[in-house]
Amino acid sequence: MKKQNHLHLEWPEGVFLIPYVLMVFVGGVPVFFLEIALGQFMKQGGVATWNIAPLFKGLGLASMVIVFFCNTYYIMVLVWGLYFLAHSFTSPLPWATCGHEWNTVNCTTNFSRVCLNQSLSSSPPNVSSLNTSCLEHTGLRSSVMEFWERKVLRLSGGLDEVGDISGYLVLCLLATWVIVYFCIWKGVKSAGKVVYFTAVFPYLVLVVLFVHGVSLPGALNGITYYLKPNWSKLSEAQVWIDAATQIFFSYAIGLGALTALGSYNRFNNNCYQDAFILGLINSGTSFFAGFVVFSVLGFMAAEQGVDISNVAESGPGLAFIAYPKAVSLMPLAPLWAVLFFLMLLVLGLDSQFVGVEGFITGIMDMLPPKSFLGSQRREVVVAICCFTCFTIDLSMVTQGGMYVFQLFDYYSASGITLLWQAFWECVVVAWVYGADRFMDDVACMIGYRPLPYMKWCWSYVTPVVCMGVFFFHVVNYKRLVYNAVYVYPWWGEVLGWFLALSSMLCIPLTVLYKLLHCKGSLIERWQHLTTPVWGRHHLEFLPPENGARLLPKAEENKNTLLYESVI
């Protein structure tokens, strides 16, 4: 459900579906279930839930850092979507034509004629390189690309050229944060009501776009391209990395949001069943959305007379370049543009609610129950969080904002940080607390033990997969590049690694700190710091000797409402 997220919209040939499905069952669903069950069992947010093994409470801190960064930069997708939505009510669409004040003399709306003429006058056309080669040789630029880079982003020459702030984007940024604030400021009750709309509406739009998309000429070619495997791609490790990254972020793994939302469930809620159902909905929605996207891309390729590989872009190019360009070629273009960007905005808000709620729940768990904030402390904490993120986001609405955004996207909540987080979560639960022990705890909640498959994944399969992909990332690390042209300066790389390590180092540094500040021998320290600190709701099934390690009553003052499972 959350796969406009992280802008990792990877759409290679159909072979991608094979590693994608495998990663769902060996990584996505097991860790998804682990986090929900952990939150439901401990009745705490992303940080306090690791009282199950206090030595590794750094896992909670790391997830808080990751989700804070994610909340900060992810909202820019909503900002750009809102900006496009506001410009979608005119005919013709502003990005469909040249002649505007932001266009250059090289602006064009038709590449096919230029490309084919150039190809006929030289050598036989190489279909796979028509778009790029023609662009390079003629200097022409798409009207959609110019709207995106010169009107929306007002893109500067690099990270060191900050430029001025866009007033229109600031208004869009302010509007989105105000919407987020008033939807979650009262907690899960207010957010849950909004989510009923934000979860259902995109499906209605997807169905409408699908019905329209498959009726377009060339749609079948696009769908065939989407489903037809290119088996040679399976030997490329990058395809497997993309699949793992896609799954971990789309399932919100490692962000602490799932444990926070799980803590609102009833203690006896069947979270095991929920994990499979929500995983199926998540991946099924992504799969169905692929038909919507590629039917339209097939139409666009047919209209331009080029191969579909030239129009199937990934990342922000798919949402803000390829799809807007395709929409501009359709009859009733403003209608389809409004529907698409409204769907994008609603989907983004849904994801943003989950991320911010997970962060706020963790903060609230760490605050003392009686503080100077009084009865309005949640409203104040949410306001401070939103204002802080808004202030940081101002750097992303400048002329150099896209370079800042890509730094956050690539490093702060990227594949390596989420893989690192998921690896340690599995290790701590399976090997420190005990996989069989946790399976018994789940049985206490849902009435039966899950399949042994879950225990095997937590203990062996998922950690091995996470570390394998993680090390391949590190070994094959390449400097960050924007648009295949601009290479980030060394100090930009340093800033990016600071964003990544700020969460990753929370785990080992917290372990070291706790071990050094605990008394006794190393074995005694380990035994003490890995003994769970239980809540009072655990008393009904815990052995009597475990009663000494209980959370104070004040820390148990948490509303245990069932958060709408549609999230």
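Indices start at 1 and increase along the chain as displayed.
Heads up, the Cβ atoms here are built off N, Cα and C, so glycines get one too.
The transmembrane segment annotation in TrEMBL covers 17-38, 59-85, 165-184, 196-220, 240-264, 276-301, 335-360, 380-405, 411-435, 456-475, 495-516. Look at TrEMBL and you will find Cys98-Cys107 tagged as disulfide bond. TrEMBL lists Ser250, Asn282, Leu347, Asp350, Ser351 with the feature Na(+) binding site.
Here the candidates are the binding-site residues Ser250, Leu347, Asp350, Ser351, and by Cα distance the one nearest Cys98 (disulfide bond) turns out to be Leu347. Here the transmembrane segment (59-85) has Cβ contacts under 8 Å with residues 4-7, 45-50, 152, 168-169, 172-173, 175-177, 180, 254-257, 259, 316, 319-320, 324, 337-338, 341-342, 344-345, 348-349, 351-352, 355-356, 358-359, 362-363, 385, 389, 392-393, 396-397, 401, 405, 408-409, 412-413, 417-418, 421, 424-425, 428, 499, 502-504, 506-507, 510 of the same chain, all six or more residues outside its ends. It is 36 Å from the Cα atom of Ser351 (Na(+) binding site) to that of Cys107 (disulfide bond).
Touching of the transmembrane segment (380-405) and the transmembrane segment (165-184) is concluded from the presence of at least three CB pairs under 8 A, sequence neighbours closer than 6 excluded.
The largest share of C-beta pairs under 8 angstroms with the transmembrane segment (196-220) comes from 276-301, of the ranges 17-38, 240-264, 276-301, 495-516. A 10 Å cutoff on Cβ-Cβ distances gives Asp350 (Na(+) binding site) a total of 22 other Cβ atoms nearby, all chains included. At the 8 Å Cβ cutoff, the transmembrane segment (240-264) and the transmembrane segment (411-435) share at least 3 close pairs (sequence separation 6 or more) and count as touching.
In this structure, the binding-site residues Ser250, Asn282 were compared by how many other Cβ atoms lie within 10 Å of their Cβ, and the smallest count belongs to Asn282. Proximity of Cys107 (disulfide bond) to non-local residues of its own chain (separation of 6 or more, Cβ distance below 8 Å) is seen for Cys98, Gly99, Leu140, Arg141, Ser142, Ser143, Glu146, given in sequence order.
For the recorded positions Cys98, Leu347, the largest tally of other C-beta atoms within 10 A is found at Leu347.
Among 276-301, 335-360, 411-435, 335-360 has the largest number of CB pairs under 8 A with the transmembrane segment (165-184).
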